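Swiss-Prot annotations:
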type	residues	note
ACT_SITE	186	active site, proton acceptor
BINDING	57, 58, 59, 60, 61, 62, 63, 64, 65, 80	ATP binding site
DOMAIN	51-342	domain 'Protein kinase'
């Protein structure tokens, strides 16, 4: 034992005085206080080994529980000792000690802990805390008597809500024991004690067993005849447990399971609700005989004055179901239902059945083509036909959808729609939420919000040719998805959707589905203070909603609800502005409301709100600035996931119609959102963007790393297309901090700066890199210096300094050569172009590189109006190549035809360009000259595209001799540069 006292040591449990005795026996009276040292009821001596027994507090079949004093720790404890007449029976003793050992392995606040265990030839006992209080049985009995006598009810027994808090603690302890593989097998109110200070403890684990434990012996070899007559000892080999709390299948000899413990919990729950047992049972044999005649009485009718909630009555009935399939499968399921009750949620009411075969149930029932990312693609390669059905009836508040689904052999899945807006408010076909349940053929289960993936769950799928019960619950801002009554995942929506319709979506017809059962549960006992103004907002009562939001914000300035109310007050103005003739005053009011969140713990909501305000007036640039400010000022704020969800949603939304805005949101996403939070749906959008954008000729990647890694390789061209030199500067700063030094990425970012016109900024960045990193000279730096030198030296000097001594066979510096040639064309210095062309005449160039070099030569000939040499060089290529709009020579050949063959032939040639939504830059001039490029298209073009168009038209009008238009486009050309400086 961990502590020991000699036999002659004595401590009085009453006055706590200690002395040493010259004899081993406990004295009859304390020599200090004079109190008797014998138990008045049993006459037993107070001293027991190392503890002083004070009194007996309970008896059972195998043992007795005493209140005792532990002198080592100076505390009162409870000792459970085996009956002395049972010590001689090894199996009884073993069973007694098994309870102690099994309980000691369970560590839970609601399971009584074990202090010590002792067993020898003379005794067997274990110690545990002494808890002052009443058993649940005593509380039920006392409350029932008070009710009968018309007295004031016990504070606990008289409150079903308080009893449910106790019950859920019991359930949590049992669930914990089950998780450790232990069954209690004797759950009943007398084994549960409620402490003086609210402690809830499950006692008496004497019948507990491990779930996977082998069956006990059927018979006890030497079971004494004297014990067989004692009813208070459960016989080994017999069905163990208390009949009143025993599951029917257990009484019939089936082994104990988790569901038999759940049945016992159901009986306890029934007693807590009604103060009476659900069934009258006698002995085990009588129970077996009368089992089929037991009648269920609903707790609501069994105790009409207790006002038993129907929800709790239904939980009780499910616990006590004779059909194991209908009984709770785990205690966790019961806990979830009890928690729903404690949170005040009402029960669901079925108000509609929507049959896919009944046309009158559906407002919209068509096959539609869903195309994604149209704003950034040249063809609808991300499009598919789907069958779409939207309910005619609307469902407000909390909504639940239930249906049985069976996918066929070729079925890919089924989609459930909810929170779909009214037809007049739908900007796109699929709005609201869509739960797509994929089959085992595709495994693409996901939850989408306005066609944007917010949950990706590939491990959840429906096996083909099997029927599943699907349940979707939308409660407040949460969506819970169940399959066969098992929760699969939950999702919390940060920005509410107000839609009230439901629907179905399918990619094929290979499925069977039962009519959709639609439930609503609008009432909630514990109403969130925001629910009231939310309801006003949903019904467009803006003034009342605003008044309530402001009142909540004023009342709870330091709580999340108060700050959320400020945010929603701003949203109220935005909703009101949607239908107002004069929006601007309302938008100003919204911005003022969002401004109040500045400096609070919910500060990012200020920028989210302002972004929503700018979105409402289609000012995407200011909208994105708000998101950038939020991420820059609060990079690790816990509210940022709300902004992230909105950013991703907006990215997919604008990808349908707005190309430049899509690029802006993509750059924002790549630069600020965590890479591991980018979902597969968004990555697919990035892949589509990369596939369809024009490859910039001055960006070079020799390593195989793909752009879709969302690294700077993706951000750099995005920043260039959007003409964002300072973001390129930030990218460079990030690259410098990324060892090993990524020379290729740094060079590309610097070249982008030069091409934008920010060559001074590029020079300063290059100087910083070389000064602080002390890098060795690199051939790429030489090319970059040549790029920059074109802007502050004469072209002749640049040629002498950088290109004069380049070996004629060396093509490594071709990028710099081509850039230098472009500068010569801009300054009409064609002689240097001819010189460089001769210098590289015998260089080993690829077909594409030779083509780009020859394009500059043809351009120079056309500037010099040297039609002969221009034609000779053009006709070194086939007519088929010259007529292809995919060739860089296409526009140059058209200019040559204009001056040599006439306008009619040239127009036919220019008109041969393919009609695509976003043409390549080298076809822009041809489209403009054939009136296939609108002024609106020009306004929506990127700066680089405008520059290339102007450059082509400068050449064309130079060739035809229209000096006025040439000068006009020359001025426009000069405007397409950004001269950023540090």
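The chain as shown is numbered from 1 upward.
Cβ from N, Cα, C; glycine included.
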Reported mean pLDDT - the domain 'Protein kinase' (51-342): 86
Span of 57, 58, 59, 60, 61, 62, 63, 64, 65, 80 around ATP - largest C-alpha separation, Å: 15
Three-state secondary structure, residue 65 (ATP binding site) (per DSSP): strand
Residues near residue 65 (ATP binding site) in space but at least six apart in sequence (CB under 8 A): 56, 57, 58, 59, 78, 79, 80, 81
Rounded to the nearest Å - Cα separation of residue 61 (ATP binding site) and residue 186 (active site, proton acceptor): 14
DSSP three-state assignment for residue 59 (ATP binding site): strand
Largest tally of Cβ atoms lying within 10 Å of a Cβ, found at which of the recorded positions 57, 59, 61, 186: 186
Integer Cα-Cα distance in angstrom, the residue listed as 'active site, proton acceptor' to residue 63 (ATP binding site): 16
Proximal but sequence-remote residues of the same chain as residue 63 (ATP binding site) (Cβ under 8 Å, at least 6 apart): 80, 81, 82, 83, 96, 125
